[in-house]
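Structure record follows, encoded as structure tokens.
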Amino acid sequence: MVDWHDPLVIQENYASGAILIYVTGGIFLWEWVTNLYLDWSLFSAIMVRWKWPTLLYLLTRLSTLITVICLFISINVKRELDCNASIHVILGFGYFAMALSSCLIAFRIAGIWNRRPSIVIFVTVAVFVNTAFFIYALITNGGSVWVPEAKACIELHTVRNRLNTIVAFATDVLMLIVMLVGIWVKRASGGLYRLVYRQGIIWFLVAIIFYVPLVVLVTLNLNDAMNVLFQMPVCIAMTLCATRMHRGLYEYANTTHVVAEISESTQFNSISYPVDAPSNLTTENTTPAVPIVHAAENDKLTNIGSTICSEV
């Protein structure tokens, strides 16, 4: 039997955690740098035309970047520092990024369900509950101390993260299930539907794969190191998923010109969000839908009937 409270075992667990931080943090930094050009174009666009989902996307990216940089600094500093301040900064920006990624899920769900009041209420409550427990976790955090032998800051009483971890897992998974149900109910043919369906499946699987080990370990409470072992991978995975899905829909919208035909039999409604289209595209049987920007934003087809966007 492994003695999880053996100092040598705990030291090995912290070393494993540091490796995970380097790997997942490195993946995020690579992804951030390779997509910086698009982030800049979105930032420039939001200066011209305000869009809440775009602002949430940019803030999610920035918060995660700050979290990764602060983590890299904290695990490489070999001189004593204010560990309590360091851990609160890291957790503060990390929780903020997670809350924003939940907001991006909520916006997409609202768009898929055509802003149905019951769904809007559900996602609003889910986001507020998630955020409230993140704030609670930050306030009740056990703190961190400098350990001279390890020359590192060590978190204390990490089992206190159990409640907010379980709540975050439950709310995110419930929202993703509602999103998948909405995609299934509004199913149709065409490139947009396939894109949203594929993104929804990937998003759900990533949440399950990364959240479950974290929830299991913090529930078992083997030791402080194991309780936070998968905390960073979950933060990176969920924020990367949320931002990549947003970016994928944005790129689809801005590289594709779509004409949507109105049909009584089609069901996939209002996942597209058109802007004013040129008059020469409008005919008696078609409605322009160019471009699609993001769920629950700038919806002008809500009262026209069911809309399906075909792949160009």
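In case you wondered, yes, glycine gets a Cβ from its N, Cα and C as well.
TrEMBL lists 14-33 (among others) with the feature transmembrane segment.
Look at TrEMBL and you will find 54-75 (among others) tagged as transmembrane segment.
Residues annotated as transmembrane segment in TrEMBL: 87-107 (among others).
The annotation transmembrane segment is assigned in TrEMBL to 119-139 (among others).
As annotated by TrEMBL, transmembrane segment applies to 166-185 (among others).
TrEMBL lists 201-222 (among others) with the feature transmembrane segment. Counting only same-chain residues 6+ beyond the ends of the transmembrane segment (201-222), those with a CB under 8 A from a CB of the stretch are 4, 105, 158-159, 161-162, 165-166, 168-169, 172-173, 176-177, 179-180, 229-231, 233-234, 237-238, 241-242, 245.
Within its own chain, the transmembrane segment (14-33) is flanked in space by residues 39, 61, 64-65, 68, 71-72, 75, 150, 152, 154, 225, 228-230, 232-233, 236-237, 239-240, 244, which lie at least six positions past its ends and keep a Cβ under 8 Å from the stretch.
Stretch with the largest number of CB pairs closer than 8 A to the transmembrane segment (54-75), among 87-107, 119-139, 166-185: 87-107. Only residues 6 or more beyond the boundaries of the transmembrane segment (87-107), in the same chain, are considered here, and those with a CB under 8 A from a CB of the stretch are 52-53, 56-57, 59-60, 63-64, 66-67, 70-71, 74, 123-124, 126-127, 130-131, 134-135, 137-138, 141, 143-144, 153, 155, 168, 171-172, 175-176, 179, 203, 231-232, 235, 238-239, 241-243, 245-246, 294-297.
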